[in-house]
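See below for the structure under consideration.
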C-alpha cells in the first residue's frame with residue numbers, strides 16, 4: 001500500500017544526496033545559461049501531483065482511455081491560457097519538448113527531401129533548424145541563412161536564397177541571436193515564394209508574452225516554443241497558430257499519433273500554472289527587468305574592451321566573442337565555473353574553433369533576474385566576469401570573485 005509519508009530521503013539516500021547537491025548548486029551559483037530559468041513552486045507542485053499517474057492518449061473530449069474527464073479540464077485550461085497569452089486561435093500543449101514541437105511542424109507541413117530555409121547554427125540558429133547532425137538536417141534539404149557584418153539577420157540574403165531555392169518552409173527564430181527579428185519581413189519573403197513561415201520563439205517566448213519583444217503569432221503560419229527558458233514554466237513544448245482548421249488538424253495529428261503517445265498530464269498542469277503566472281502584471285515587470293539586466297551587462301563588457309556579437313542586445317541574451325582575447329569558450333566556461341558563475345561555451349560567427357571548444361560564451365539574464373538582481377547587480381557581475389577573463393589562471397581573482405558570488409547568492413536566494 002502506498003503511504004503519503006513515503007519519501008526519497010528515507011528510501012534512496014544516494015539519489016536524495018544528488019538532488020540536495022543540485023539544490024545547493026542552484027542556490028550558490030549564479031546561473032547565466034540563457035536557456036535556463038527557475039520555475040515557481042506552484043509549477044513544481046503541479047508536476048509532483050497525481051496527474052503523473054494518468055494516461056490520456058488523444059485530445060480533450062476525444063480520448064482513447066476512460067477516466068479522462070478531469071485531465072481534460074487541466075489540458076483545456078492550459079490551451080485557453082496559452083491562446084490568451086500569445087493571441088492565438090489554436091494551441092497544442094502536448095509536445096514533450098521544443099524539439100518535439102518542431103518535429104511535429106516538419107511532419108505536418110513537409111515531406112522528406114523538401115527544401116527548408118533556416119538560420120545557420122553557426123550564426124545563432126538551433127539544431128532543429130537544419131543542423132546536419134539533427135533529424136532536420138538529415139531528412140530535409142536545408143539552405144542556411146545568416147547574419148551580416150553588423151551582426152544583423154541578412155534579410156536581403158534570405159530573400160535571394162528563397163527566390164533561388166524556392167523552399168517549402170522558412171524558419172525564423174534562434175538560440176543565440178541578440179537582436180529583434182522582423183517577423184513581417186520574413187513573412188513577406190515566405191509569401192513571395194509560396195513557402196510556409198514557421199517561427200521557433202523558444203528563447204523569447206516570455207518576453208513576447210510580456211510585450212517587450214515582437215510577437216510572431218500574427219505573422220507566422222505556425223509558431224513553436226519551449227515552456228521553460230524565459231517563460232519560466234516546466235520543461236516542455238507548445239505549438240500555436242492562427243491559420244485555420246485544416247492546419248490545426250495536421251498539427252494535432254503530427255503530435256499524436258504522429259510523434260508521441262500519451263501526453264504528460266502533470267507537465268501540462270505545470271504549463272497551465274506557468275501560463276496563468278505569465279498573464280500577471282508582475283510577469284511583465286520581470287521580463288522588462290530581464291532585458292534591462294542583459295543591457296547592463298553588455299554595457300559593462302563593452303566598457304571593459306570585450307567584443308559583443310551584434311554589438312548590443314535587445315532581448316535576454318548576448319554572445320561574448322573572445323577571439324581577440326585569445327581565450328577559448330571552453331576555457332572561459334571553466335574559469336567562470338570555478339567562481340560559481342555558470343555560462344556555456346558557444347560558437348561565434350566565423351568561429352575558427354570546433355563546437356566543442358568555441359571562441360565565445362553565451363550569457364543570459366533570466367535566472368539572475370528571477371532571483372532579484374538589479375541593473376547595478378548585473379553590471380557588477382559582468383565586471384567580476386571581466387576580472388576573471390582578464391586574469392586567466394589567477395586563482396586569487398577566482399577566489400575573490402567566488403566570495404562575492406556566494407555573498408550575493410545568500411542575499412538573493414532562488415527560493416526564499
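One is the number of the first residue shown, and numbering goes on along the chain from there.
Cβ from N, Cα, C; glycine included.
Residues or ranges marked as (6S)-5,6,7,8-tetrahydrofolate binding site by Swiss-Prot on the basis of sequence analysis: 121, 125, 126, 127, 245, 354, 355, 356. According to Swiss-Prot, the feature N6-(pyridoxal phosphate)lysine maps to 229, an assignment based on sequence analysis. The site 'Plays an important role in substrate specificity' annotation in Swiss-Prot covers 228.
Features per Swiss-Prot, on structure.
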residue	record	DSSP class
121	(6S)-5,6,7,8-tetrahydrofolate binding site	helix
126	(6S)-5,6,7,8-tetrahydrofolate binding site	coil
228	site 'Plays an important role in substrate specificity'	coil
245	(6S)-5,6,7,8-tetrahydrofolate binding site	helix
354	(6S)-5,6,7,8-tetrahydrofolate binding site	coil
The one of 126, 228, 229 whose CB sees the fewest other CB atoms within 10 Å, among these recorded positions: 126
Binding-site residues: 125, 355 - member with fewest neighbouring CB atoms within 10 Å: 355
Distance, the residue listed as 'N6-(pyridoxal phosphate)lysine' to residue 356 ((6S)-5,6,7,8-tetrahydrofolate binding site) (CA atoms, angstrom): 23
For (6S)-5,6,7,8-tetrahydrofolate: widest Cα to Cα gap among 121, 125, 126, 127, 245, 354, 355, 356 in Å: 44
